[in-house]
Amino acid sequence: MNLLIMGLPGAGKGTQAAKIVEEFGVAHISTGDMFRAAMANQTEMGRLAKSYIDKGELVPDEVTNGIVKERLAEDDIAEKGFLLDGYPRTIEQAHALDATLEELGLRLDGVINIKVDPSCLVERLSGRIINRKTGETFHKVFNPPVDYKEEDYYQREDDKPETVKRRLDVNMAQGEPILEHYRKLGLVTDIEGNQEITDVFADVEKALLELK
C-alpha cells in the first residue's frame, strides 16, 4: 500500500503517521529523515543537498525530488509500500512525484488528509508557554501549570497567535492545490482530526482497510 498523509501543522499528522506505520508495516518516508539518510550515505542527491544546506540556502525542488526518487527506488518500498509524510509540499513537487512513481512502476493508493478547523489549530499551537526558571513547557489549555502566574512564563515568538495564523495561511495556500490535484484522481480521504487520537486512528484504519 502506497500512501500520502497530509494535514496542517498541529493537526496530529505525525502521530497518525506513526500509528499507520506500526499497524500496516509500510515504510515511513519523512522529508527530514530522507535528507539525513541521503547526506549520511553520501548519495549523489545527498551530496548536492548538503552543499546547499552548508551554505544556508534552500534546497531546490529538483534536489528534493531527486532524494525522494532515490528513496522510492530502494528495495524495501516494493516489498512494504510507503507512507510519504511532509512531501509533496507544492503542486510542482506533486507533479514530480507523479512522474517518479510512473517511472518506477509504482502507484499511489490513497491520500489521508487530517482535517482540523484552522481556528482550533491556532488554539492548539499558540497555547504553548515556557517556565522562565525551569524551561519546562506547558499548554495554557491542554496542560496548564498548577500554580500559573503570567510573569513566570513566556511564549516563543513563533508560538504567538498571529505568527501561527500566518504559518497556517502559508500551509493552506500550498496544500489546497495539492489536495485538489489528488481529489481529481479520487485518492483523497478526509479524516476529522478534532477528536481523540484513538478515534482519529479508528477512522484512518477503516479508510485504509477499504483501500486494501
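All residue numbers here begin at 1 and follow the chain in the order shown.
The backbone N, Cα and C atoms fix where each Cβ goes, glycine too.
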30-59, 90-119 - the one Swiss-Prot records as region 'NMP': 30-59
DSSP three-state assignment (helix, strand or coil) for R128 (ATP binding site): strand
Segment-level pLDDT (mean, integer) for the region 'NMP' (30-59): 87
R128 (ATP binding site): nearby binding-site residues from E57, Y87, R156, Cα cut-off 10 Å: R156
